[in-house]
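Read the structure below first, then the notes.
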Amino acid sequence: MTIESLPKNSFRYDINALRAIAVLGVLLFHYKVSYLEGGFTGVDIFFVISGYLMTRIILGSIGKGEFSYKDYLIKRLKRIVPALLFLVIVLTLVGFFVYLPEDYRLNQRNAAASLLFYSNILYWQSADYFAPSSDTNILLHTWSLSVEWQFYLLYPVTLVILKKLLIKQKPFVVFFTGSTLFILIASIIYSNFNPTSSFYLLPTRSWEMLAGGVALFSEGVLKSHRWRKVTAIAGYLLILLSLLILHPSMVWPGVYTTIPVLATFLVIIANFNDFRIVRHASVQFIGRISYSLYLWHWPIYVIALYFGVEAGWISILLLTLIAFFLGYVSYTYIESYKFNSITPIVVCMSLLFIGTTALSYFSTNHVLFKPKTLEIASYRSSHQIEIDSLMSTGECFLTSKHTGIRDYQKNVCLQLNKNRKNFLLIGDSHAAHLSASLREHFERNDSRLFLIASSGGFPTVEPFGNSRFKEVMDYAYRDFIPNNADNIDGVILSANWVKAMSSVTTTEKLVKYMAETLTYFRKHNINVIIIGQTDAYIIPYPTIMAREHEYDLQLRNSYINKGIYQINEILCSEFKNNYITVLEPNSALPLSTGDTPYIWDNSHMTKIGADLVVKKIMDSQIAHSFFSNSFKSIVHK
């Protein structure tokens, strides 16, 4: 079927239903609804829909000889920007009175990036989408808008060039489809090596939108009413499957991404609009407001977190109702407004960008808070050099700034001494944050502690995590330990276990991986202990502490990540002879003298916090047994 032969102005109830499914999936995923771990695939559904619609619009205009890049961009601006501007304005005003200066400046930086549609690039450089710290980024969700806008800018130019080179329909479609498959395969391969950049950037996401273009060319292939119905059912079932079984720990985009993309593709080519539920008024309503609802659902959640609202069915229901209300208001009064000119949009966008950029550099709302509050809140930025030094960042502990094992300084970090006792501390950043305090205990007893750590993974013999982490763990388990087992007197494993549990999908897998690791050390005749889960919070602890000081309230227990108690209980039960519990249910570690926080972000210890944890470790019976064959004095020092 040629583009010119497609029905004109035929409303697609099924596409609107797809929008409804997509936005509900994302909303429920972000609101931490159990058994819907695959809700994030709603973004992939949106990508395919965008690709389908843009291909249809652009090629339709080219076919008629009416395409204008300027008119095309103006329509896109009118469609996308006003609702985004409204969101940023409201968040800028509300944030001024709600957020502490450090948080407010960060939010304004993100707002500026969102307004110029480069937030995906910014977040790629600074964070992992599924990391806990991402939960406090009020504009995190705008990364997908940036990807789409970048696609909107480049796609028409690409299609115009292709149509000039490939005038006939068949060669054009063959080349287009082949290119889509090539980019798909390349993206899957690349994602295994660079998962964060692959997640955020257009080149590895473009195939999803191009799949929408392939769907356009495939319309009309299904002639039979029966086969169109069967295909649509298959598509909807695959979407349901995606929502229920896919998990954020999977490499994304990757092989599994083809499931929601194929599902959306099938629904689109089926073009079957006879299902009652698809045409139901409620489904169509959600589809209509899906863009505005998408914009508002995440900021509502982040603000609720900031005020210590605990996850639960009542809070989820209330947040959903608020998100729907604001989404409806935005759709009715902003998104649906017919702008005769883009001048006010561009002027407002420019002024807001300048304003948010300025606010991201200068402290403006500090006058609203007490000086001591500001001092506490800025702990991380004012102590970053000290933090990096304590964690051996860049030497024995690798972060997202490093590429792999070649950045790990073996000559500095792993110089075993045959005349002294040698112990290895293996793990992620939660091994690194205890390393300085642990090392002090060992050195006082004429023993050595060596750190092998990287962020972004799970320190088992079959490592689970990003490529950098896997390289470091592969070196530890397959090279260094086997070749030096006779000179290793013990191993200490430490990690953010609550994050690891979510990363490996199930507690059963977590226990299995841990058991395999303990078996590995037994085969090498090396004693091992596991440092238990430490305190973790849903927002940065200095922020909590600053708010406590500002309002003279006890807020810590409201912000504790309740999952830490669950994982602590599981691991303690399964590995009671190796697992050292440092958590005390329903109580946080005490603050140190001088109101210095014991955690500098959501879960990483300051030196004072690490000292408190290490004291608990050394006082435990498991530590006594572990060290008894090596030296008797360490637990008493």
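Backbone N, Cα and C define each Cβ position, glycine as well.
TrEMBL lists 13-329 with the feature domain 'Acyltransferase 3'. Residues or ranges marked as domain 'SGNH' by TrEMBL: 409-617. Taken from TrEMBL, the feature transmembrane segment applies to 16-33, 39-59, 80-100, 173-193, 199-218, 230-248, 254-273, 285-307, 313-334, 341-362.
By the Cβ criterion (distance under 8 Å, sequence gap of 6 or more), the transmembrane segment (285-307) is not counted as touching the transmembrane segment (230-248), fewer than 3 such pairs being found. For the transmembrane segment (313-334), the partner stretch with the highest count of Cβ pairs under 8 angstroms, out of 39-59, 80-100, 341-362, is 80-100. Between the transmembrane segment (230-248) and the listed ranges 39-59, 80-100, 173-193, 199-218, 341-362, the one holding the most Cβ pairs under 8 Å is 39-59.
Cβ atoms under 8 Å from those of the transmembrane segment (80-100) belong to residues 107-108, 111, 114-115, 138-139, 142, 145, 149, 291-292, 295-296, 299, 303, 306, 330-331, 334-335, 337, 339, 345, 348-349, 352, 355-356, 359, 364-365, 368-369, 373-374, 377, 543, 546-547 of the same chain, restricted to positions at least 6 beyond its ends. Same-chain residues lying 6+ beyond the ends of the transmembrane segment (341-362) with a Cβ under 8 Å from its Cβ atoms: 74, 77-78, 81-82, 85, 88-89, 92, 104-106, 108-109, 111-112, 115-116.
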